[in-house]
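Everything below concerns the one structure shown next.
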Ligand code: SF4
């Protein structure tokens with residue numbers, strides 16, 4: 001019997017990527033092959049994103065392409081919540097399921113393309129760490145689904161529900177399996193990493209025979225024992241994060257935090273209903289930097305939120321100058337269908353949003369460039385992501401750079417026959433521009 005083949009299109013954020021990896025792992029475990037093109041597939045699964053209007057459009061286009069190239073399509077992911085919208089444009093998709101609905105996707109696959117009957121999951125080879133869509137040397141580690149907050153610009157809680165934390169034993173087992181598979185860096189993701197375990201009342205679990213609480217600090221401490229890079233994303237500036245900064249100071253996890261501040265004006269943060277909006281974030285940053293001077297902070301911001309006045313924007317710019325963040329992304333506010341912020345009064349005209357965006361980026365670029373200049377002459381450890389095809393250059397990252405979203409360290413004049421992706425190098429920083437660093441190799445630390 002011919003092995004059934006399933007095509008896969010994965011869109012969206014790292015959380016959606018992890019969902020795709022889980023579905024692909026399950027498909028392989030059951031004996032399906034993953035098709036490399038539409039034509040060879042018995043059906044195609046499209047994992048969609050529904051976060052902002054452009055992502056919705058991209059998802060609808062991807063479904064359209066899979067329909068015209070293959071014709072047998074199962075839709076899953078965040079946009080799946082809006083089945084009517086999908087069916088309006090693509091009435092003949094086989095099935096629509098929501099975000100993180102692995103079981104529903106598998107049931108739909110079984111319905112339309114039964115798994116090979118003689119498959120034995122204990123004999124067939126599925127890597128212990130599952131199927132991953134990232135390079136071999138780094139992996140995303142999803143610790144929870146959903147979110148207990150209700151930010152007014154966001155529809156994720158209505159798509160993914162309230163926070164559900166994975167048991168800490170399972171999270172740590174997965175991280176250990178990733179390490180055994182050669183992963184050098186895990187990137188912890190969720191909608192709110194600092195809230196990990198709140199829903200379970202910090203339930204006690206076991207790992208390697210030891211009791212561990214399903215709690216942010218305890219998870220970080222245990223991950224820190226693995227001896228690989230551990231990078232935290234989507235953390236909010238709550239007081240209980242202070243203890244995790246201590247772990248960073250002790251070198252147990254990377255001194256890097258991704259905190260989506262989004263704004264600094266208390267009035268706008270309140271309108272956004274942001275987590276920790278009443279915290280004194282500048283004080284908190286100061287404290288953290290005292291505890292761990294090498295701490296790098298990346299963040300994202302939204303300008304032009306409904307009701308944002310020039311005064312609010314100035315508060316944001318002043319905050320930014322004072323906060324001296326290392327890595328910053330900025331978006332102009334764009335309404336998301338179903339978000340309560342759409343009903344707020346005083347929407348900001350597009351040209352003002354754009355003008356504020358440019359002013360914001362100008363300020364941040366100066367901060368970022370000055371910070372990177374200070375790195376010149378320093379010795380850093382970097383992880384190689386790839387080698388340049390045409391030049392003797394390794395494209396790498398230090399603890400200060402998350403993949404895809406931050407800058408790179410370009411290690412020049414290397415011997416490409418001895419260095420490969422996944423190697424850890426000791427380098428000396430020789431130059432910098434606004435976003436990236438340039439370096440010379442001192443030595444290969446671990447291959
Ligand atoms: S914290 Fe806010 S923005 Fe983030 S997922 Fe939850 S509701 Fe959405």
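Numbers here mean position along the shown chain, with the first residue as 1.
Each residue, glycine too, has its Cβ placed from N, Cα and C.
Where the annotation comes from TrEMBL, it is an automatic prediction and has not been curated.
From the candidate list 49, 147, the residue TrEMBL records in the [4Fe-4S] cluster 1 site shared with 13, 78 is 49.
Long-range Cβ proximity for residue 147 ([4Fe-4S] cluster 2 binding site), meaning a same-chain Cβ under 8 A and a gap of 6 or more residues, is found for 156, 157, 160, 162, 163, 191, 192, 195. Applying DSSP to the domain 'MTTase N-terminal' (4-114) sorts its residues as follows: 55 helix, 21 strand, 35 coil. In sequence order, 11, 12, 15, 16, 48, 50, 51, 55, 77, 79, 99 are the residues of the same chain, not among 13, 49, 78, whose CB sits within 8 A of the CB centroid for the [4Fe-4S] cluster 1 site. In the three-state DSSP scheme, residue 154 ([4Fe-4S] cluster 2 binding site) is classed as coil.
Cα to Cα, residue 78 ([4Fe-4S] cluster 1 binding site) and residue 151 ([4Fe-4S] cluster 2 binding site) are separated by 17 Å. Among the binding-site residues 13, 78, 147, 151, the residues whose Cβ lies under 6 Å from any atom of ligand 1 are, in sequence order, 147, 151.
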